[in-house]
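Below: the structure, in structure tokens.
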Amino acid sequence: MTSPAERALPANSPGESREGDFGCTVMDLRKLMELRSGDAIDQIHAHYGGVANLCSRLKTNPVEGLSGNPADLERRKQVFGQNLIPPKKPKTFLELVWEALQDVTLIILEIAAIISLVLSFYRPPGEENEQCGLAVSTPEDEGEAEAGWIEGAAILFSVIIVVLVTAFNDWSKEKQFRGLQNRIEKEQKFSIIRNGHIIQLPVAEIVVGDIAQIKYGDLLPADGILIQGNDLKIDESSLTGESDHVKKSLERDPMLLSGTHVMEGSGRMVVTAVGVNSQTGIIFTLLGASEGEEQEKKKKAKTQDGVALEIQPLNSQEGMDNEEKEKKAAKLPKKEKSVLQGKLTRLAVQIGKAGLIMSAITVLILILYFVIDNFVIQRKPWLAECTPIYIQYFVKFFIIGVTVLVVAVPEGLPLAVTISLAYSVKKMMKDNNLVRHLDACETMGNATAICSDKTGTLTMNRMTVIQAYIGDTHYHQIPSPDVLVPKILDLVVNSISINSAYTSKILPPEKEGGLPRQVGNKTECALLGFVTDLKQDYHAVRSEVPEEKLYKVYTFNSARKSMSTVVEKPGGYRMYSKGASEILLRKCNRILDKKGEAVPFKNKDRDEMVRTVIEPMASDGLRTICIAYRDFSDVEPPWDNENEILTELTCIAVVGIEDPVRPEVPEAIAKCKRAGITVRMVTGDNINTARAIATKCGILTPGDDFLCLEGKEFNRLIRNEKGEVEQEKLDKIWPKLRVLARSSPTDKHTLVKGIIDSTVGEQRQVVAVTGDGTNDGPALKKADVGFAMGIAGTDVAKEASDIILTDDNFTSIVKAVMWGRNVYDSISKFLQFQLTVNVVAVIVAFTGACITQDSPLKAVQMLWVNLIMDTFASLALATEPPTDALLRRRPYGRNKPLISRTMMKNILGHAVYQLVVIFALVFAGEKFFDIDSGRKAPLHSPPSQHYTIVFNTFVLMQLFNEINSRKIHGERNVFAGIFHNLIFCSVVVGTFVCQIFIVEFGGKPFSCTRLTLSQWFWCLFIGIGELLWGQVISTIPTQSLKFLKEAGHGTAKEEITKDAEGLDEIDHAEMELRRGQILWFRGLNRIQTQIDVINTFQTGASFKGVLKRQTAGQHLDVKHVPSSSYVTVAPVRSPPTTSVAAAVSSPTLGNQSGQSVP
């Protein structure tokens, strides 16, 4: 369809490359791309004189493309911009520090520390007063009193450390995530024609003037204008919201926009706008418009789909909801909180509440004890000059209370999750899993079902023709060309060469003696390989009939299951078709015989052929493809009426294509079965082929009672008379279904949705799905985890997926399962460890404070414990590498609690050991070690050896318990594989070294004093006792401990009420808030009603008036607002006396008390 004039254009002659002399500017092109269909065509013709002239203005050749001269490309980038949309600025380290400082417990600590600091510098006049004589005991402690500031400073210092560590973790997570995004973006390449060659170019390298080759499944990377197209249909819903596919053609609508999906057909376009100047870029620029404009925007009326929201009452709940929704929609794709996050948030909140109560009680008891002891028992008067000293005591008590809270709150939990997920994602890259959504990684660990494609995932996607049926003969090997009649040979070669995408080709092998490389559609490559095996050259045919000469192309799609190309020939048209054999043979009414003559082909002949040719091929695991043609007279037929065109074909040949099973797949599927995961194969292939391959893979094993269904049969079994899917019918089928053949993408989606929504079995199924085609998008989105193929997958599939398999291999999915389970286990290990520390530290601080008026573990010490136990331990335990043992157990399921009964046994068991040891040391340690007691020390007394030993023993016990925590299923050998995890070893050794420094040189800030060697050995010995005690605990069978409860459950189905449906994230705090609002509205309403009644009586209105109003309230118009869980209740006749908004927000009707609603 190109005129000779176009071809004569030089590719880019160097003489033309003077600065900026393109025949149009960026703004011209931007304006042009904003037009649609008719307007655009008029503008192109009026302003540019047609697409060909536009190309010459952009100095490009519609056939050869740009020359690829670097200077020219650079100039184009300068004039028209690069194909990049600049990302939003990442948060700076200081911003992250500021965010980390917002933590409530840290703020409380900072305030307490500052008060403590200020008071320590304040020397009150009553200092020497005997009456307040609690402060300092002996003259030599005077120096210590001077050092009172150290504790406040040390707390502040620890807070700074905690904040920096948190900020650094956030920063590295952000950096990793950006790296991941960049990698995903770099992976996206596009077919561009340069210098007459089709090359795969990274999307960022595309410039204005490039000629792009577009085909089914592409996500367009830039705006452009169509030069040549075959049957092109585009899904523009991402820009316009219209779900109908838009037909594109030179005559009707040649405008192609970035970010839209090619749903059918193929073609070429000239790129006219890239990056921020493309339509998607313009939208992104508007979304990321500077923050300053945000305020102004809010003042203007927000428009939604072009309708101003001002029509709605300003404060109506609906208006608010829409605004909220808009804001959220702009920010994030909708995703529920992941299962794990949900469980952890609930657990952290529960622990936090308990900690808060404990710390409040601790402070209360300390203050009460102090007051009662001093002013009631010892009967001291409260002297004004002593007040500052008393306040110092109160601050000290307050700090102890806050410290209890700090230790109780497991702020390491979110950190552990982040580290574990980030670490897994990084490692999964090496296992060919490119994770796009972090939570997919953990969901994979719960997977109970995998619905996999066949081609390319279970098989190698290296297709070769092995058998053929040509001219009444079934050849079990490829025939030599001499055997075939020239007429038939000619038809076979032409049909295959012309009726396949010109982007599919066979290139010479990269290495000597290797297999030829297949580029493009693998089935087409197999057929082209067949032509080469017949010693023919498909290039010659293609150069004779270039793409421009093709008259009409019906591209392959899942509904047609065939592809046809029409070419003009003397005296009319010829259409070549190829497609699934059983479908195409139904449309054939003749077949070529041995001599190449077309003979009638009746139904009985077809059944005979299916029985003798197609079924034997299929049961060998071959895909059967039929090649046919049809001639038309010179009267042009109605090309748009496909059913009429695709009939009365003449069958040329049927070929059997082999796609061998990947050698590693059977082992991977066996692993899945052991791990309690059901693998189902969903394929578009013939049922016999599918069954043969499923048996080779091990999805079907001989003698099993399983179902293999075809798409049609599957639909007949699950739909009712109206054609609707019935869940009960589906529930009877899916548990046994293993192979779904001849299935459409809709069938895949129905199956996935059915399995996920099913209530059969005690657990809800967690389904992973693989997909590569554009139409797999819905199934990939619906699945819990969608895997897209990195090599064969279309951009649309990758967009919809959670994980991209960079090697298209099924074994990578099994690795993803292993990593997913490992994340879960890492979190559980950390939890087991963390909760033991929390339980012990809180109880010690609490009882110590109540009995001895001073926590045995000081604030700074607690912070150190908190730091090592939270931050370093989460690093150590969250980076445990996965082992094969993970695949030898069933999936946990969505509702399994985080803390199993075995873990609960370990937590309580170790807590008992540690508490016994600590209390023994606190109350009898001084006798055992023959040292001074540290109990009931005055305010600024120096650190005692007694309490240093308590602190040291406590830390060492935690250290050895960290090793115990590496196993959570009651295994005995806690050292198994410990040296495979260098991070763990270095954290344990590092913590131990720091502990030695703190005890020996920490001095006053850490409330420590030096210990002798024998004291150190005792501490170590008690610590190592943890390991021995761990063995004792694992001897006790969990079953015998009936009183143990599990904790950290997932949300039960019933609990996620309807309230949650409109929310983007199921946030329990938000739900509480909504319930509060509802009650508040009801309360308001009742008060309003009562005021009305009083008003009525006061104004002396008759009783009838009140009755009238009562009844008026009964006729309520209930108007359902679909987008949220509110019901707007508006009375039919609103009495004039009231002016309260008649919007009762309630999940049920607000009027439950039987009173009227004003």
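Keep in mind that glycine also has a Cβ here, set from the backbone N, Cα and C atoms.
Positions annotated as compositional bias 'Basic and acidic residues' by TrEMBL: 322-334.
The feature domain 'Cation-transporting P-type ATPase N-terminal' is assigned by TrEMBL to 45-121. Per DSSP, the secondary structure of the domain 'Cation-transporting P-type ATPase N-terminal' (45-121) breaks down as 49 helix, 1 strand, 27 coil.
Positions annotated as region 'Disordered' by TrEMBL: 1-21 (among others).
TrEMBL lists 315-334 (among others) with the feature region 'Disordered'.
If you look up TrEMBL, you'll see 1138-1158 (among others) marked as region 'Disordered'.
What TrEMBL lists as transmembrane segment is 356-377 (among others).
Sequence annotations record features per position, and here TrEMBL assigns transmembrane segment to 397-423 (among others).
The transmembrane segment feature in TrEMBL is assigned to 830-851 (among others). With a threshold of 8 Å between CB atoms, the same-chain residues lying at least 6 positions outside the transmembrane segment (830-851) that come near it are 347, 351, 355, 358, 361-362, 365-366, 369, 397, 400, 403-404, 407-408, 410, 412-413, 416, 420, 857, 862, 865, 869-870, 873-874, 877-878, 898-899, 903, 906-908, 910-911, 914-915, 918-919, 922, 954, 958, 961-962, 965, 968, 1048.
What TrEMBL records for 907-924 (among others) is transmembrane segment.
According to TrEMBL, the transmembrane segment annotation covers 944-961 (among others).
Residues annotated as transmembrane segment in TrEMBL: 982-1003 (among others). The list of residues near the transmembrane segment (982-1003) in space but at least 6 beyond its ends in sequence, with Cβ under 8 angstroms from a Cβ of it, reads 864, 868, 872-873, 875-877, 879-880, 943, 948, 951-952, 955-956, 959, 962-963, 966, 1009-1011.
Annotation comment: TrEMBL describes 1015-1036 (among others) as transmembrane segment.
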Residues from the same chain, set at least six apart from the ends of the transmembrane segment (356-377), whose C-beta lies under 8 A from its own: 134, 393-394, 397-398, 400-402, 404-405, 408, 842, 845-846, 849-850, 853
Across the domain 'Cation-transporting P-type ATPase N-terminal' (45-121), average pLDDT on the 0 to 100 scale: 80
